[in-house]
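*Asks:* Sequence annotations record features per position, and here Swiss-Prot assigns Fe cation binding site to His111, His115, Asp300 based on sequence analysis. Swiss-Prot lists Leu134, Val135, Ser136, Gly137, Gly138, Asp167, Gly180, Asn272 with the feature substrate binding site.
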Amino acid sequence: MRVLGIETSCDETGIAVYDDKKGLLSHALYSQVKLHADYGGVVPELASRDHVRKIVPLIRQALADAGMTIEDIDGIAYTKGPGLIGALLVGACVGRALAFSWDKPAIGVHHMEGHLLAPMLEDDVPEFPFLALLVSGGHSMIVGVEGIGRYTVLGESVDDAAGEAFDKTAKLMGLDYPGGPRLSKLAAKGVPNSYRFPRPMTDKPGLNMSFSGLKTFAANTIAAEPKDEQTRANIACAFEEAVVDTLAIKCKRALKQTGYKNLVIAGGVSANTRLRSSLAEMMQGLGGKVYYPRGEFCTDNGAMIAYAGLQRLKAGQVEGLEVKGQPRWPLDTLEPVD
């Protein structure tokens, strides 16, 4: 089965073709980073308009790269939510229209399920069950995964997501958009343990997380300390250490609670080098293994949507004729794939 995947939940237009026998055949991606840089963040209306401009050319490109036409496609998967409603509707409208006009089945995919399953695009894949840490600009959650669609959200951020805290702290430091990767680059120049930031909610039972207070602590530290480059790097390093340690502590607690031996990390923040290194070291000590997608599949992309959609289409799950986007969509409400 060959599935065309369409991702338009935020500020990346991602298109891919995935074959259940041959794997990923093609993927094309357009990022709107330059468009939103002048505003210091994503402007929803501009994001929607840019998706409209880019989506059809990217579909043509992905099909051409795969050596196919739409007639060779067996199904279409598009991101249904969560995300920006205008952006979601662009992908949903195009995906549903193509499916209707070419008489193909279509499925709306949960964006975070796409991230969760992104490591399945690699050669070395995790076996169910496993623990998943999903960390991005909009979400931070720890999920018990028994199978596709069999998810239990064990813990999540009660305020800012980890990626959001990275971006906001970067902005406080005067770093350009996108701030998270720039803050991490600055942190690499810092001296570890120069400052001690709190590890929020790690002294309390449970698996929920909080990062808004950490952002406030960073703001106060930035205001009180010298503004030279090394001090800025040390502060960035301390902030990153605190976020990574908090995530690692919560994951270790969840692994002990569930008895799972393998950990998946996915979402934009999963590309963070310090986070990967810390969790790999932790899992080695626990006798388990950590899995994550390659860098280009950590951020939003069509490949993960094509893969996730294929699993559901093969199970006979299809959308009706309605075009619908879900800005909010709890992950643990998804229908299981038997």
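In case you wondered, yes, glycine gets a Cβ from its N, Cα and C as well.
Help me picture these features in the structure, burial and contacts included.
*Replies:* Note: His115 (Fe cation binding site) has non-local neighbours Leu134, Ser136, Ala266, Gly267, Met304, i.e. same-chain residues 6+ apart with C-beta under 8 A of its own C-beta.
According to DSSP, Gly137 (substrate binding site) is assigned to coil rather than to any helix or strand.
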*Asks:* For Fe cation, what surrounds His111, His115, Asp300 with a Cβ no more than 8 Å from their Cβ centroid?
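*Replies:* Here the nearby residues are Glu7, Ser9, Thr79, Met112, Gly114, Ser136, Gly267, Asn301, Met304, Ile305.
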*Asks:* If you measure every Cα to Cα distance among Leu134, Val135, Ser136, Gly137, Gly138, Asp167, Gly180, Asn272, the residues said to bind substrate, what is the biggest one in Å?
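*Replies:* The widest Cα-Cα gap among those binding residues is 17 Å.
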*Asks:* Please report the distance from the Cα of Asp300 (Fe cation binding site) to the Cα of Val135 (substrate binding site), rounded to the nearest angstrom.
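*Replies:* That comes out at 12 Å between the alpha carbons.
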*Asks:* Let me spell it out: for each of the binding-site residues (Leu134, Val135), count the other Cβ atoms within 10 Å of that residue's Cβ, using every protein chain shown. Which one has the most?
*Replies:* Val135
*Asks:* Tell me, how many other CB atoms lie within 10 A of the CB of Ser136 (substrate binding site), whichever protein chain they belong to?
*Replies:* 24
